[in-house]
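Structure first, commentary second.
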Amino acid sequence: MTFAELVDRVGSKGPFQLLHTVLLGLPILGMANHNLLQIFTAPTPAHHCRPPPNASAGPWVLPTGLNGKPETCLRFVYPPNASLPNDTRGATEPCLDGWIYNIVDRDSIVTEWDLVCSSSKLKEMAQSVFMAGILVGGLVLGALSDRFGRKPILIFSYLLLGASGSGAAFSPTFSIYAVFRFLCGFSISGISLSTAILNVEWVSTRFRAIKSIAVGFFYTFGQFILPGLAYAIPQWRWLQLTVSVPFLTFFLLSWWLPESIRWMVLSGKSSKALKTLRQVAIFNGKKEEGEKLSLEELKLNLQKEISLAKARHGIADLFRTPVLRRVTLCLSLAWFATGFAYYSLAMGVEEFGVNLYVLQLIFGGVDVPAKFITMLSISYLGRHITEGIVLLLAGGCILALIFVPLDLMTLRTVLAVFGKGCLSGSFSCLFLYTSELYPTVIRQTGMGASNLWARVGSMTAPLVKITGELQPFIPNIIFGTIALLGGSAALFLPETLNRPLPETIEDIETWSLRAKEPKPEPEAEKSSQRIPLQPCEPGPGPS
């Protein structure tokens with residue numbers, strides 16, 4: 001009996017699983033708000049230099065740019081030099097007295113701390129700091145999760161996100177705000193890692209994909225909620241606080257969640273694991289089945305996993321053989337390209353000149369059909385074809401934005417939305433594809449290393465946007481080219497459709513060699529080719 005069959009005995013699709021999914025999914029919904037929060041807490045409104053004290057705002061104070069609008073980062077020197085001829089343009093200087101912002105409906109960290117002109121890089125830096133927190137959190141909390149358990153790390157991460165998110169709302173300076181945002185990203189890694197493991201443990205094998213997709217849709221719905229919250233709460237501090245406080249509630253509710261049964265058995269806590277299984281059986285109305293379970297049966301069902309856990313494998317094993325080297329390098333590039341390009345579009349909503357709230361709803365909504373189409377494609381066309389196509393299409397859309405004039409806002413928006421949908425599909429495909437390509441003995445290591453590259457990409461994306469100050473088209477060239485390279489690399493990966501999962505490193509080597517061998521002609525087909533033709537009996541005519 002396998003562990004999945006053991007879960008079936010205590011109930012794998014009962015009320016416990018429903019409540020378990022909701023309790024894990026609601027924080028994921030809130031996590032989407034934090035990931036995309038800077039879209040609404042850091043928009044840059046139209047602005048120009050504040051005139052010097054006691055000076056009128058005449059044309060000699062605010063120089064006019066080529067577009068006929070006031071310069072955003074320069075003003076005329078005051079008082080003007082009277083010795084200059086009338087046709088001479090006056091000398092200019094930076095905005096020494098601050099800026100005037102065209103604030104229509106909301107404030108932001110940009111308007112509060114003047115993150116414009118020479119300080120505009122700090123806005124992108126804030127998002128990179130947040131992504132760096134996710135990167136560091138994945139490295140630190142992943143290791144702590146293996147040592148102390150999934151549940152303690154999840155509980156700690158809920159508390160840390162609620163506290164650090166609330167702290168960011170009360171930050172007196174940008175530096176303190178950045179520190180709290182780093183901690184927010186750090187805690188988000190703990191939530192996503194622990195949720196991914198706990199989510200699929202309490203269902204049978206055939207329902208794992210459904211439960212995984214169900215929790216994934218909580219993130220999509222979170223993208224719908226954020227624009228509504230931002231529209232109702234125009235003050236960035238209150239918005240930051242609103243999306244953070246619920247995690248203090250999740251912290252209290254998470255004590256009800258059970259620890260990973262596998263982790264408890266592998267950590268020598270089999271008695272506690274058995275007690276948890278019996279509690280789940282009672283909750284699902286299968287008390288008698290729960291009482292029949294024994295410690296010996298539980299250990300026997302997890303004997304294989306216990307043996308695999310004793311074998312030590314590390315990052316170096318991802319490069320041990322030629323096939324694994326190819327898989328690791330191609331997957332790393334695909335993950336990096338996806339995270340890199342995804343956040344370039346997701347965080348660039350305000351660049352398309354469309355209503356910020358409406359466009360974010362569209363950006364969130366495109367994930368629904370994108371994930372559905374991706375699931376159909378990977379089930380029929382295969383994994384590497386699907387992954388290659390969606391990344392190539394995304395790269396093409398980003399590069400096409402270079403050639404579309406700024407006044408064609410509808411076309412630019414369509415390209416961006418389509419590209420973002422392709423990248424969302426790429427994430428969905430990669431999570432499944434990566435788990436199928438790596439053998440069981442290094443699967444968790446491979447997943448962690450691959451996901452790390454997505455975090456590096458998402459952390460780098462805001463910094464690349466700064467190159468737009470040199471030429472507006474440079475960021476899109478970089479984002480689009482990397483996406484094309486990632487899509488091309490995916491095409492060199494072996495196909496996993498309808499193949500059993502490899503258990504050992506030797507399995508994937510043998511598996512790859514078999515894929516290169518010509519398929520033998522089925523015996524039934526050979527026989528059918530040798531069947532002699534027989535005369536057909538005339539059938540009955542129409543009555």
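Just so it is clear, glycine is given a Cβ too, placed from its N, Cα and C backbone atoms.
Note that the structure is predicted; figures quoted are calculated from it, not measured.
Both K151 and T510 carry topological domain labels in Swiss-Prot, but the labels differ, so the record puts them on opposite sides of the membrane. Between N81, N86, Swiss-Prot assigns N-linked glycosylation site to N81; no such entry appears for the others, which is not proof they lack it. In the predicted model, residues of the topological domain 'Cytoplasmic' (203-212) average a pLDDT of 69.
Counting Cβ pairs under 8 Å that are 6 or more residues apart, the transmembrane segment (213-233) and the transmembrane segment (22-42) reach 3 or more and are in contact.
With a threshold of 8 Å between CB atoms, the same-chain residues lying at least 6 positions outside the topological domain 'Extracellular' (234-237) that come near it are 40-42, 105-109, 112, 169-170.
Contact between the transmembrane segment (473-493) and the transmembrane segment (389-409) is supported by 3 or more Cβ pairs under 8 Å, counting only residues 6 or more apart in sequence.
Taking pairs at least six residues apart, the transmembrane segment (389-409) and the transmembrane segment (182-202) share fewer than three Cβ pairs below 8 Å and do not count as touching. Proximity of distant same-chain residues to the topological domain 'Cytoplasmic' (434-472), defined by a Cβ-Cβ separation under 8 Å and at least 6 residues beyond the stretch ends, is recorded for 120-121, 124-125, 127-128, 131-132, 134-135, 138-139, 142, 308, 311, 313-315, 317-318, 327-328, 331-333, 335-344, 347-348, 383, 427, 478-479, 482, 493-494, 496, 499, 501-505, 507-508.
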